[in-house]
Amino acid sequence: MSAQDKLIKPSHLITMDDIIREGNPTLRAVAKEVSLPLCDEDILLGEKMMQFLKHSQNPVMAEKLGLRAGVGLAAPQIDVSKRIIAVLVPNLPDKEGNPPKEAYSWQEVLYNPKIVSHSVQDAALSDGEGCLSVDRVVEGYVVRHARVTVDYYDKEGQQHRIKLKGYNAIVVQHEIDHINGVLFYDRINAKNPFETKEELLILD
């Protein structure tokens with residue numbers, strides 16, 4: 001039984017046990033494009049990946065299943081070398097602590113996503129980045145594009161082009177890196193992890 005066959009079984013919930021860690025060669029491979037129209041197995045895998053993200057952000061389910069919270073997951077992280085990513089970016093409560101009207105600012109499974117253009121300006125998260133496949137803390141600014149335009153297919157096989165900036169742009173670049181065999185710490189300056197250039201936008 002392949003990794004994908006196991007993951008898409010109706011009874012299976014993706015947990016941290018399914019997520020491979022740094023050192024596994026799948027994380028350093030360039031993943032293969034999925035065939036269109038999508039097969040049922042690839043659609044199911046995307047749904048399972050999104051289910052994992054929702055569970056990871058739900059305190060009750062996360063504790064029950066022992067999950068680390070995540071806003072994105074790429075198929076190579078569950079040992080499936082395909083160009084499939086899921087993103088689930090929650091909206092935060094307002095300054096008074098009221099819950100947001102919409103739970104998520106972005107919720108999508110992207111098949112064969114590709115960055116087709118990007119800003120000249122770079123950006124990095126002030127707190128750095130983490131990864132479900134990396135169990136250690138790696139400090140430093142992960143330098144990425146401040147704005148990106150991404151082409152992708154949804155589970156219906158419809159093609160989309162989306163322009164992203166800020167945190168959502170960072171998230172999609174992190175996940176697209178995964179399908180290209182790149183890990184976030186590859187983008188940290190090894191000699192000066194917190195190096196700031198004049199044009200670098202630091203996002204809180």
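Every residue gets a Cβ built from N, Cα and C, even glycine.
Taken verbatim from Swiss-Prot:
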- Cys131, His174, His178: Fe cation binding site (BINDING)
- Glu175: active site (ACT_SITE)
Problem - Sorted by sequence, non-Cys131, His174, His178 residues with Cβ within 8 Å of centre, Fe cation - result: Gly72, Ala74, Gln77, Glu129, Leu132, Ser133, Glu175, Asp177, Leu183, Phe184
Handout entry: DSSP three-state assignment (helix, strand or coil) for Cys131 (Fe cation binding site)
Key = strand
Exercise for the section: Determine the Cβ neighbour count for the residue listed as 'active site': the number of other Cβ atoms within 10 Å of its Cβ. Expected result: 22
Handout entry: Which same-chain residues, if any, lie at least 6 apart from His174 (Fe cation binding site) yet have Cβ under 8 Å of it
Key = Gly72, Glu129, Cys131, Val142, Arg144, Phe184
Problem - Under 8 Å by Cβ from His178 (Fe cation binding site), counting only residues of that chain that are 6 or more apart - result: Leu27, Ala31, Ala74, Pro76, Gln77, Ile85, Ser133
Practice task
Give the number of CB atoms, excluding that of Cys131 (Fe cation binding site) itself, located within 10 Å of its CB.
Solution key: 23
